Amino acid sequence: MDSWVVLLGLQIIWLPLLTHGTAPTPTLRFVAVGDWGGVPNAPFHTAREMANAKEIARTVQTMGADFIMSLGDNFYFTGVHDASDKRFQETFEDVFSDRALRNIPWYVLAGNHDHLGNVSAQIAYSKISKRWNFPSPYYRLRFKIPRTNITVAIFMLDTVMLCGNSDDFASQQPKMPRDLGVARTQLSWLKKQLAAAKEDYVLVAGHYPIWSIAEHGPTRCLVKNLRPLLATYGVTAYLCGHDHNLQYLQDENGVGYVLSGAGNFMDPSVRHQRKVPNGYLRFHYGSEDSLGGFTHVEISPKEMTIIYVEASGKSLFKTSLPRRPRP
C-alpha cells in the first residue's frame with residue numbers, strides 16, 4: 001500500500017495515501033481553504049461555506065486529495081469555547097459531510113478569529129474527530145510521494161502568536177504579539193527547521209498574508225520577519241488566508257504566495273495594490289457575486305501545480321512552481 005509519513009513534533013505516523021486511479025505520475029494532492037468558519041448564529045454556516053464544501057467534495061472525487069489544509073478563521077466570529085462546542089458539529093462536521101470527504105484528514109492552523117476564542121479547544125478536538133488534526137499551535141508535516149524518493153515538508157504556523165491579533169473586517173495591521181518570548185520561540189523554531197530542511201518541496205502556511213493587494217494588505221510583521229526566511233532557505237510557497245478572496249503572487253526569488261481566503265465571504269477590495277511590489281501579482285479574484293473558492297495543489301516529482309477553483313466549479317487560474325534543486 002502506498003503511504004505517506006507525517007511528522008508531528010517528534011512523532012512519526014505512517015498514513016495511507018489515496019490511489020489516484022491510473023494517473024501516470026505519482027503525486028501528493030491537497031485542497032487549501034481559508035476563512036471558511038460559518039457564522040455564530042443558526043444555521044451556523046453560510047451559503048458560500050456550503051457551496052465550497054460541495055465543490056471541495058466534487059474536486060476530491062475528480063482530481064483527488066490526500067488531505068485538506070485549513071488556513072485559519074475556522075469558526076467565526078469568536079472561535080469556540082471548549083472541545084465540546086456545538087460549532088464543531090454545526091460549522092465543520094455537518095457541512096463537510098459528503099461521502100467523498102468523510103475519510104480525508106484536515107490539517108488545521110488558527111486565525112485571528114480563532115484566537116478570540118479558545119484555540120486550545122481546537123487542538124483538543126483532534127482527540128475527538130478522526131478528521132481534525134491540530135496537534136499544537138505550530139507544527140511540521142512531512143510527506144513522501146508514493147513510489148518515489150520525492151519529499152514534501154509543510155510548516156504550519158500560528159501567525160497571530162507571531163504578530164498579534166487584528167480585526168478581520170477592518171484594514172488593521174496586527175497589534176504586537178501578546179507574548180514576545182513565545183513569538184521569538186516560534187520564529188526561532190521555524191528558522192532552525194528551514195535551515196535543516198532537505199525536502200524537495202518546502203511549504204510554509206499561516207493565516208496572515210505576507211503579500212496581499214486586498215483589504216488588509218501586506219502584513220508588515222511577516223514582511224519583516226518571515227519573508228527573508230523564505231528567500232534564504234529556498235521555500236517553494238507560502239499559503240495563507242485572512243483576506244477574503246483568491247490571489248496568487250510570486251516574488252523575484254521565485255517564492256509563490258498562495259492566498260486562499262474565500263471559504264465563507266468574498267471581498268472585492270484591492271485597496272493595497274500599490275503596497276505590493278510591481279510584478280508580484282499574477283492573479284486576483286474577489287467578485288462579490290461569487291460563492292467563493294479554494295485552491296487545489298498537486299505535487300509531482302517535477303513541479304507543484306496550483307489551481308484556483310471557484311465554488312461554482314469553474315477553474316479560475318493555474319500556475320506551477322518547480323521542485324527545489326537538490327544540494
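From the backbone N, Cα and C atoms, a Cβ is placed for every residue, glycine too.
Sequence annotations record features per position, and here Swiss-Prot assigns signal peptide to 1-22.
As annotated by Swiss-Prot, Fe cation 1 binding site applies to Asp35, Asp73, Tyr76, His244, with the evidence given as similarity to another entry. Neighbour density for Asp73 (Fe cation 1 binding site): within 10 A of its CB lie 28 other CB atoms from the protein chains shown.
Residues or ranges marked as Fe cation 2 binding site in Swiss-Prot (evidence: similarity to another entry): Asp73, Asn112, His207, His242. Under the three-state DSSP scheme, His242 (Fe cation 2 binding site) falls in the coil class.
Sequence-distant contacts of Asn118 (N-linked glycosylation site), defined as residues of its own chain at least six apart whose C-beta falls under 8 angstroms from its C-beta, comprise Gly79, Val80, His81, Asp82. Annotation source Swiss-Prot lists N-linked glycosylation site at Asn118 (among others).
What Swiss-Prot records for Asn149 (among others) is N-linked glycosylation site. With a cut-off of 8 Å between CB atoms and residues at least 6 apart in sequence, the same chain places nothing near Asn149 (N-linked glycosylation site).
In sequence order, Leu162, Cys163, Gly164, Gln173, Pro174, Tyr208 constitute the residues six or more apart from Cys221 (disulfide bond) in its chain with CB-CB distances below 8 Å. Residues or ranges marked as disulfide bond in Swiss-Prot: Cys163-Cys221.
There are 32 other CB atoms within 10 A of the CB of His207 (Fe cation 2 binding site), with all protein chains counted. Looking only at the binding-site residues Asn112, His207, His242, the one with its C-alpha closest to Tyr76 (Fe cation 1 binding site) is Asn112. Asp73 (Fe cation 1 binding site) is 8 Å away from His242 (Fe cation 2 binding site) when you measure Cα to Cα. Rounded to a whole value, the Cα-Cα separation of His244 (Fe cation 1 binding site) and His207 (Fe cation 2 binding site) is 11 Å. Calculated from their C-alpha atoms, the gap between His207 (Fe cation 2 binding site) and Asp73 (Fe cation 1 binding site) amounts to 8 Å.
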